[in-house]
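To keep things clear, I will list the structure first and then write my remarks on it.
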Amino acid sequence: MAVARRKLLQSRQVGTLLLFLCVSVGGAATIRYSVAEEMESGSFVANVAKDLGLEVGKLAARGARLVSEGNKLHFRLHRKTGDLFVKEKLDRESLCGKADPCVLHFEIVLVEPLQSFRAEVRVFDINDNAPIFPNKEPLLKIPESTPLGSRFPLQSAQDLDVGLNGLQNYTLSANAYFHLHTRFRSHGPKYAELVLDKPLDREEQPEVNLTITAVDGGSPPKSGTAHIRVEVLDVNDHVPQFSRLVYRAQVPENSANGYLVATVTATDLDQGSNKEITYSLSQNPEAILQTFQIDSETGEVRLRGPLDFEAIETYDIDIQATDGGGLSAHSKVLVEVVDVNDNPPEVTISSVSSPLPEDSPLQTVVALFSVRDRDIRVGGKITCFLRDDLPFAVKPTFRNSYSLVTDRGLDREEVSGYNITLVVMDTGPPSLSTETVIEVLISDINDNSPIFQEDSYILTVRENNSPAVFIGKVHATDLDLGENAQVTYSLLPPKSGDLSVFAYISINSDNGKLYALRTMDYEAIQDFQFVIKATDRGFPSLSSQVTVRVVVLDDNDNRPMILYPLQNGTLPCNDLVPRSAEAGYLVTKVVAVDGDSGQNSWLSYHLLKATDSGLFSVQQQNGEIRTLRQISERDPMMQKLIILVQDHGQPALSTTASLNILLVDGFSEPYLQFQDPSKHPTRVNPSTKYLVISLAVLSFLFLLCVTVIFIIHIYHKIKYKEKITIQEHFYDDCNFPNHLIQGGANGSLSQPCSYEMCSATGTGTSEFRFLKRFMPTFPFPHGTGEVKTETGSSLPPDSDRNRSRGSEGHAQVSDDYM
């Protein structure tokens, strides 16, 4: 049976399975054995009875049994022979992971008498795992402007084996752009970096395909490959820059998931999407990816899984920051896992000064407190600081005693109180802390001036208002409290010393309501402004000012005024129309203005009464009088028209103008052929003779009027020494200047017209050859001063009524009508 047993054991230990027996037996020493992993169930390990110095059969007699430190036994003992066998197939990676050496502990317990022996079996690693890349086809985006020598960390290959059987080296497929550089981590597998040897050119080669191979040190060696695709990006001017090359953090091993380890910050000088930074934990081992996570937007590195100080003491985390254009930068976060102690520091608050005036000087003591840590030996040195960025600081006074003082200026209007979080931390390991909240209120002082809701106010009031009418309100607020925030209002006198504003406006000092003290007249004053002062009741008081502009709105309180035909009754205005005139013939134009403005000055013209209502019509918009039909012999010679001129105000105001029209035979035939008197004897019509006499008289009177007007004009020019420019305009359609267009400031499209009758001498018919019509121009002074009329009266500026009245003084001939 012994020979058969040896053959069976030899058959189970073939191939790569090696059995190493290292026996060390002593009185209280531990019995140590070594086996290779992957040994099949039933494989022979050693003869325990021989190693313990016991005879065969003693183990069974004394009830020997195996007791494991864990819940599971990996070996079994044959009591009769004392042989130790593998109970089940051993896998070192599942038993110990990356821990090396991998040792399984158990005890051999004998009874009758009771005796125990410690034993351990070291499981040696064999090369049964090939390196594996977690990402078989990684993608790298590299800008074409990347400088030579730039390094790009690659994700480490994972090899479950340890020692020489673990990952040893990387190789890269032949290419013209990159070579491979292998680097070591303090804790973790080796990793490779791509180093740029040749400039990239996206237009020449937009993509580079590489193959990286990870090789272990087994015999024979095993390997794993990954296909790297390098995408060449267009140029992006700036690469993200980390605020630090290396971030360091200490994290207690009992920290919960979500614990903030560190916050990395990278900036990019580009604009738009190229400035947006995205953080990632790329190219890190699987153990780091399972333990930590990073917020892609804020860069906050937090715990994702539990920490184990006994397993891993430090973590070397690669952080990648990528901008919107694909450029990336790398930094490291070195995380030190520290052990824990039991008691956090204790804080005792002695006194707190609250409320605290907002004008307190720097280094004013706010609170006094003391700190005690019961873990004297473990806790180490105690540090105190404030968790938030507040205008306070912690200042040590004497051993374990501190004061909380002001570090920056206070402003109650910004923050009326603070909940100051005081953090007291020992040095551990691990570092424990206690947070204490100290509430401090800020008291107010008068340090803010009243602020008006608007930079300036524009108020409106309609003319002809009732005295003491409410026209608007100003309002100012003060950020202070109590009396410091109570505001009073007052009117400031003008800098010129003119106190006339107090005669127009009154203000309620408590609520800022404004009242008009007198009736406004738009034609006298269109707007005015003044300054209001808002003052608080603090000590010393503070104030601010604002400008208020009052705009007077126009009412329809002026009737239209007829400029032509003149309605003063001293000289009748007659217009001549040839009987041969066709329908639509322009007879004359009624000109009127309105002292109001806007819609109140828009004028319309209507034929109110006529000798023959079917003979003439009036254009509603411009006041032109035209013939509706051809004049006949039956039509009376004298035609009298009454024109109604009406504005568009509410209610509408109107006035009338009277006009006489004479119908003349042959007046509008300036191109009649000359008749020879010898062939055609002249026959004088008696009516024609009287007509000529009457026209001559009218012409004489007209010339007399023109002469008188001219003399008056020269007189005023000498008296007031004003330079008045008289412009002559000739209009075929008798249009009035632009400043009298209907709907404008002066209200009318019409123009006043006078006629000069000139007889054509040397004709056989002795009839009129042409008719001249004259249009006066009215000089209007411009500027910010008063407008003076021809009669010398003064009116406020920008008044439409003044312009209309100023134009009544004189008229000059300026338009010819052929």
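Using the three backbone atoms N, Cα and C, a Cβ is placed for every residue, glycine included.
TrEMBL annotations: computationally assigned, not manually curated.
TrEMBL annotations:
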COMPBIAS  798-808  compositional bias 'Basic and acidic residues'
DOMAIN    75-133  domain 'Cadherin'
DOMAIN    134-242  domain 'Cadherin'
DOMAIN    243-347  domain 'Cadherin'
DOMAIN    348-452  domain 'Cadherin'
DOMAIN    453-562  domain 'Cadherin'
DOMAIN    577-672  domain 'Cadherin'
REGION    781-818  region 'Disordered'
TRANSMEM  690-715  transmembrane segment
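The recorded stretches the domain 'Cadherin' (453-562) and the domain 'Cadherin' (577-672) share 3+ CB pairs below 8 A when only pairs 6 or more apart in sequence are counted, and are therefore in contact. In the predicted structure, the domain 'Cadherin' (243-347) carries a mean pLDDT of 87. In terms of DSSP helix, strand and coil, the domain 'Cadherin' (134-242) has 3 helix, 50 strand, 56 coil. Taken through DSSP, the domain 'Cadherin' (348-452) splits into 4 helix, 56 strand, 45 coil.
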